[in-house]
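Feature annotations, courtesy of TrEMBL:
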| type | residues | note |
| --- | --- | --- |
| DOMAIN | 1-90 | domain 'Cytochrome oxidase subunit II transmembrane region profile' |
| TRANSMEM | 27-46 | transmembrane segment |
| TRANSMEM | 66-84 | transmembrane segment |
| DOMAIN | 91-224 | domain 'Cytochrome oxidase subunit II copper A binding' |
Amino acid sequence: MANHSQFGFQDASSPIMEELMQFHDHALMVALAICSLVLYLLALMLTEKLSSSTVDAQEIELVWTILPAAVLIMLALPSLRILYMMDEINEPDLTLKAIGHQWYWTYEYTDFKDLTFDSYMIPTSDLPLGHFRLLEVDHRVIVPTDSKVRVIVTADDVLHSWAVPSLGVKTDAIPGRLNQTSFLTPRPGIYYGQCSEICGANHSFMPIVVESTPLANFENWSSLLSS
């Protein structure tokens, strides 16, 4: 999760988030190169004496047409690749339905019978020692490690947003509409998120906690909860 005074992203905990962070660094390097070139040309114009010699207009037009096109291609191709990777949801191992309410989440494991629960934020007065304030919930989302999880997101009342930054997941929850996303956790861990839509007075009190656990532990948990 995020630390105090942190400027960058949270540590990536899914392959998609790793790709997003690499694309972010790539785009920053392109922007840095453009800014450096503009700054150099600006300094050159301010310091050098004016000259009457000019370059052929066709050569200048060729340069300022090809360079921006090359920059756009350098940004567009990796971006489209990641978009297709995020949209690709083929044969998920587990399907989870997240329903946003004011102000809590309801989760349904559609692959199991009668496996559903509500997830509320734990009040600060009841928070166990060592847990995170405003981020811990009474019922976590348990998923198996190294399994592709499809999340179907909707809302019951107003707009919400199901977001877990370290997993690279952020999907709007819209009443009457189903949106879907997916993630994969390559290692066990606990990942925190919050509703990222201004859904009302308690918008910031809708935390999301995803706990990734080995498959055997997940099967034991699901059998106990659904029995």
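A Cβ is built for glycine as well, from the same backbone N, Cα and C atoms used for every other residue.
All annotation found in TrEMBL is predicted automatically rather than curated by experts.
Within the chain, the transmembrane segment (27-46) has long-range Cβ neighbours (under 8 A, six or more residues past its boundaries) at 71, 74-75. For the domain 'Cytochrome oxidase subunit II copper A binding' (91-224), the model's average pLDDT works out to 92.
Per DSSP, the domain 'Cytochrome oxidase subunit II transmembrane region profile' (1-90) is made up of 64 helix, 0 strand, 26 coil. Counting residues of the domain 'Cytochrome oxidase subunit II copper A binding' (91-224) by DSSP class, helix then strand then coil, yields 19 helix, 63 strand, 52 coil.
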